[in-house]
Amino acid sequence: MKDFLWLIPTLPFLGACILIISGNANLPRRAVSIVGCGSVGAAAILTIVIMIDFLTTGQIPEYTVIVNWFSVDNLSVPIALHLDTLSLVFVFVITFVGFLIHVYSIEFMHHDESFARFFAYLNLFVSAMLMLVLADSLILMYLGWEGVGLCSYLLIGFWYEEEKNGYAARKAFIITRIGDTALAVGLFMLFAELGTLRIQDILTLAPQQWATGSTTPVTICLLLLGGAVGKSAQFPLQTWLPDAMAGPSPVSALIHAATMVTAGVYLIARMNGLYVLAPQAQLWVGIVGAITLLIAGCSALTQYDLKRVLAYSTISQIGYMFLALGIGAWSSAVFHFMIHAFFKALLFLAAGAVIMALHHEHDMFKMGGLRKQMPAVFATFLIGSASLAALPLISAGFYSKDQIIWLSFASQQSNIWFFLAAVVGAFITAIYTFRMVFLTFYGEAKTSVSHMPGNLITQPLVILAVLALFAGFIELPHTFGHVTLFSDLFSTTLPPVTLRPNVESHEWIIQTSTGLLTLVGIAMAYYFYVIQPKIADDIHASTIETHRFWYAGWRFDSLYDAIIVKPILFFARVNKHDFIDKLYSALVELSEMMSALFSRSQNGILRWYIMGIVAGAVIIITFTLIITP
Amino acid sequence: MNITFIIASFVAVLATIMAITRYNLIHALLYLVISFLSIAIVFFVLGAPFVAALEIIVYAGAIVVLIIFVIMMLNLKEESVEQERIWFSRKVILGPSILSIVLLGELIYILLSHETTALTTQAVDAKSVGLSLYGPYIIGVELSGLLLMSGVVGAYHLGRQKKKVQHRFLENQTT
Amino acid sequence: MNAAIADQALMLAGILFVLGLISVLIRRNIIFMLISVEIMLNAAGLAFIAAGARWGQPDGQVMFVFILTMAAAEVSVGLALILQIYHQLKTLDSDAADKMHG
């Protein structure tokens, strides 16, 4: 199967090329759909074939060179792919979930003018993300990294006629760029220190070169974390993601589930060998994750817009992944990533169906009662929400999140604050998730349903719902079946988590209590938003300030406006006429002035010239007399 | 001889001053002739009789006569004298005079600041001038000949009264 | 004859030169300017003669002959130019000939 590995990122890229070259008008929609979905679908099938091959024989195609990218002196950078179990999981999620999103988009975008453009961007997006996770060297990964950034810009601003969409796209691009800069600097440092950017070489060279905890790896890891924070919308660069909802719903699903935001998780998981050498940096990964999951959770509690709730929930869930990475629970982070991809894609696609059905109404308080009108969407949305809220035992999200919470208690590298953040986060997640469910699907209908989703929308939903329910069973906790199919995958690629001594006995207590907490959260949401909506209003009225603060995403936007954007604008205004240019324009003005002066002397009057000669003679003779007495 | 030199010098300076302050061109030229004649006397005193003769013949004779011819050709009327009077104002004289007198002061200062060595001046006759002209200065003589030649050709070319030439397209419009 | 005469002749040359210079500066009539130039040239020739007399050498006179030649050529060309200017501009005002700003 080694020979077909290169096709996986190439196929979507080819699809994008075909769609871009053929342009908007030339291809009929059916052809566009076939090219767009077919390329990703073929990549997904290839991935599954490789997976089956791997699961049956235990072999995995590790390394292929597609083409030599460039070579300078003795540095040659090939476009080479590296596949191990970590990238395999990512490739699987990207292609498979990406494919479902493509299928969904056929119907969702059916009436859009720029149908082909949309699919071209989607294909390019998937291709770039595949390049990112399959890259053998960090340079190639950076190519994918930037490609993802570009496509996110294109897709968030897809409906570019509206100014705020363009603004959101620019915001996403610029904020992730801040992180990218840190990443680039980190790559430069790595290359300067180790002389190579091949990931495998780095991972083998780094432990020989540096002692654990020395400054260089910590600096590099912090810079890489900067890049990851930007791409994954973590604190303090999280502000772009809620605005990225300006794009069409499938785009949000793609960004949040399969591509883009998980790039940061992948980067840190991929560079695990470095982070092991830099425990301080790893601690910061955990801190970033913990802060983000709480901040985003609180913001999600107060949103009105259905998609913004989901956006904040993504930030929060990726916070969980960072937390897991920070405490050394590498495989748990990847596990949560996979499950999250399933249920988040499901939630976004379902939310897209709801929004489409309700004339592009985003406000949850204007929805309601959709349970009976859209049963299929309701059922799948409910399953996704259960998974997001980690409903005990039956949802996949429970198993992945529970593992993180348990390890945040038990891991050697964790501390009590991480554990508390994880538990409180889980509780908040349960509340906001079911607040969303109850507001949207219960109560009386406030907006009439105009358009029932068709097969192309419901079938991806059903498939994702099945995955969101059952994918968790490949990894069960010790107390409950003890299945470790998933973490076994990473026995060679990711280091195992080290537990503190004598904690195993607490595992069931923690599981039970978090499970109960989740149930309490769901019950509270039910009580406040279905049984006694007045109480929710009262709470809302009494905590209006906090509410507003959280609603605005802890006012990070205003903060950045005040401390970064405003000063830059101020300086731009002050320096509108480029004061350094003043120097040169002064030179120009001086010579122009002199020129005017001397051309005035060139007046054509003969006597004036003779006068000049005489004056010159007088001056010269006087000087001569003074100099030579 | 000294007395002769001083008188001739005074006459030369006075005649020149008169020449440059006249409004009428002919008057000015007559004073100029006097100035040239007195300078010829100075030359004679300085022991250069050949050059004194040349001064009278060429300067006072040929050049001044040439200028007079041109003035006659121009056929200037009385208004030109009036015009000169208007142009010749005190304001115009002041600046150049100050500048020039500064220059003169400096020249005289330079002359006086060098001590005079007592060497007897003797007359240099036409023969020795001729010998050096056609001896070491023969190239200069040739070049002078060329200069005169070009002067003649230039004067002929410039002095010709040409018909006004118009462009052939414009010709049709005007006629 | 003594050396003092040569020095005095040089001073005379200087005075005459400056007079010619003043004249060329204050006159607007081109013919007057031409005459003034002649005065200046003559003064320069006088300086050469004085210097030649001072040293008893013929070179000063030779130089005067060259100046004379030059003055003759200059006057002929200059007068031809004056004729043309008068023909073109109907005036002898040197300031009127400033159209080229040269």
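Just so you know, glycine gets a Cβ as well, placed from its N, Cα and C.
Copied over from TrEMBL:
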DOMAIN    A:69-119  domain 'NADH-Ubiquinone oxidoreductase (complex I) chain 5 N-terminal'
TRANSMEM  A:75-103  transmembrane segment
TRANSMEM  A:115-133  transmembrane segment
DOMAIN    A:135-429  domain 'NADH:quinone oxidoreductase/Mrp antiporter transmembrane'
TRANSMEM  A:139-160  transmembrane segment
TRANSMEM  A:172-191  transmembrane segment
TRANSMEM  A:211-230  transmembrane segment
TRANSMEM  A:251-269  transmembrane segment
TRANSMEM  A:309-331  transmembrane segment
TRANSMEM  A:337-358  transmembrane segment
TRANSMEM  A:378-396  transmembrane segment
TRANSMEM  A:416-442  transmembrane segment
TRANSMEM  A:454-474  transmembrane segment
TRANSMEM  A:608-627  transmembrane segment
Contact between the transmembrane segment (A:251-269) and the transmembrane segment (A:454-474) (3 or more Cβ pairs under 8 Å, separation 6+):
no
Cβ under 8 Å to the transmembrane segment (A:309-331), counting only same-chain residues 6 or more beyond its ends: which ones?
228, 232-235, 238, 241-242, 244-245, 252, 256, 261-262, 264-265, 268-269, 272, 275-276, 282-297, 299-300, 303, 337, 340, 344, 347-348, 351, 364, 388, 401, 403-404, 407-408, 411-414, 418, 421-422, 425, 428-429, 432-433, 435-436, 486-487, 489-490, 494-498, 553
Any residues 6+ beyond the ends of the transmembrane segment (A:378-396) with a Cβ under 8 Å from its own?
313, 317, 339, 342-344, 346-347, 350-351, 354, 370-371, 402, 426, 429-430, 433-434, 436-437, 440-441, 458, 461-462, 464-465, 467-473, 511, 514-515, 518-519, 521-522
For the transmembrane segment (A:454-474) and the transmembrane segment (A:75-103), decide whether they are in contact, meaning at least 3 CB pairs lie under 8 A, counting pairs 6 or more apart in sequence.
yes
Report yes or no: does the transmembrane segment (A:337-358) come within contact of the transmembrane segment (A:115-133), defined as 3 or more CB pairs under 8 Å with a sequence separation of 6 or more?
no
Cβ-Cβ under 8 Å with the transmembrane segment (A:115-133): same-chain residues at least 6 beyond its ends:
8-13, 15-16, 19-20, 22-24, 27, 29, 32-33, 35-37, 39-40, 43, 87, 90-91, 94-95, 98, 101-102, 105, 109, 140-141, 143-148, 150-152, 154-155, 158, 248, 250-251, 254, 258-260, 263, 266
Which numbers of helix, strand and coil residues does DSSP report for the domain 'NADH-Ubiquinone oxidoreductase (complex I) chain 5 N-terminal' (A:69-119)?
29 helix, 12 strand, 10 coil
Short question: which residues 6 or more past the ends of the transmembrane segment (A:416-442) have a Cβ under 8 Å from it?
286, 290-291, 293-294, 297-298, 300-301, 306, 309-310, 312-313, 316-317, 319-320, 323, 326-327, 354, 364-365, 367-371, 378, 381-382, 385, 388-390, 401, 404-405, 408-409, 513-514, 517-522, 524-526, 528-530
Same-chain residues near the transmembrane segment (A:172-191), Cβ under 8 Å, at least 6 residues beyond its ends:
138-139, 142, 145-146, 149-150, 152-153, 156, 197, 202, 216, 219-221, 223-231, 237, 239-241, 243-244, 267
So which residues does the transmembrane segment (A:211-230) touch in its own chain, when a touch means Cβ under 8 Å and the partner is 6 or more beyond its ends?
145, 175-186, 189-190, 193, 236-237, 263-265, 267-268, 271, 274-282, 284-285, 288, 322
